[in-house]
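Per TrEMBL, these features apply:
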DOMAIN    10-186  domain 'Formyl transferase N-terminal'
BINDING   S114, L115, L116, P117  (6S)-5,6,7,8-tetrahydrofolate binding site
DOMAIN    210-311  domain 'Formyl transferase C-terminal'
Amino acid sequence: MKSGRDSISILFWGTSEFAVPLLRALLEAGFRVLGVVTTPDKPAGRKQLLTSPPVKVYAESKKIPVYQPETLKPAAYALDLPEADLYVVAAYGKIIPKGIIEKPRLGALNIHPSLLPRWRGPAPIQFTILAGDIETGVTIIKMDELMDHGPIAANSKFQIPNSKITYPELHDQLAQVGAKLLMETLPKWIEGKITPIPQDESNVTFSKILSKGDGRIDWNKKAIEIERQIRAFTPWPGSWTEWPRKDRVERIRIDAARALDYEIRDGDAGYVSEMEKHPLLVKTGKGSLAVTFLTIEGGKTLAADSFVKGYSDIIFISFV
């Protein structure tokens, strides 16, 4: 006789690293995962080598069947997927049509790394850091046809442990929070003990898809806002600026920095100065930014003091 967990069949939908701990938790807890739906392999890196999504790599290591539909439109894709009692979705990366999410008898649960309805959309962790939020969390919703809109089945609050946290650090911590919350929620959901609660539409905020252009630093912003951007946009899309030199314009990526209240008197926003203990200090709209690590395009990441030794002409110029 099957136990409660292996009597329920699950189809897992996920793509990015965030989804891997959730899939791992399902398997380790004994849930019956019929397969994994993920996005197609894509070119990645400087050499643009065809690369499998992290969830696919993990699923194949566990001998779980993997499905990679090019599209979810029924006319173009026959949806040759296993019939499952429940869909579990985490960082899949595409909108799943209503006709698909309504197929399983227990519905489709989505694990989202924010306290919905705050930060719906594709980049909630980055926008949490950009906003300077001190609290975030993970929400599990019963999916409907709208993005991150469905009623809330469960959530777990998470106090951001320090004001200097970066995207990779918060991402990994929330993935673990999500895995724990999923394990606490699934048995109650399967037994019909959870009545999901509609989201408060008056408190909705949205994140958006990030592009390389979003990483350009606006030096007219406050130093603390630029510091948050650097932490939020590590590693993608990165935070960058341009350095006009005599014969060319160099692109510089700021990898780490600290906001200071100190006001540089000379120049406009973007002006590069120096002071004791801060070899590369940039004027901003309010305060200054002490750059600690940076990378010139095509070069290695260097500490600010080493960078200034190699590129002494960077002092007393203006980034644009």
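Numbers here mean position along the shown chain, with the first residue as 1.
Even glycines carry a Cβ here, placed using N, Cα and C.
All annotation found in TrEMBL is predicted automatically rather than curated by experts.
Apart from S114, L115, L116, P117, the residues listed for (6S)-5,6,7,8-tetrahydrofolate, the same chain places the Cβ atoms of H112, R118, W119, R120, P124, G137, T139, D148, N155, Q199 within 8 Å of the centroid of those Cβ atoms.
Per-residue pLDDT, averaged across the domain 'Formyl transferase N-terminal' (10-186), gives 94. For the domain 'Formyl transferase C-terminal' (210-311), residue counts in helix, strand and coil come to 21 helix, 43 strand, 38 coil, using DSSP. Within the same chain, residues at least 6 positions away in sequence whose Cβ sits under 8 Å from that of S114 ((6S)-5,6,7,8-tetrahydrofolate binding site) are R120, P124, I125, T128, T136, G137, V138, T139.
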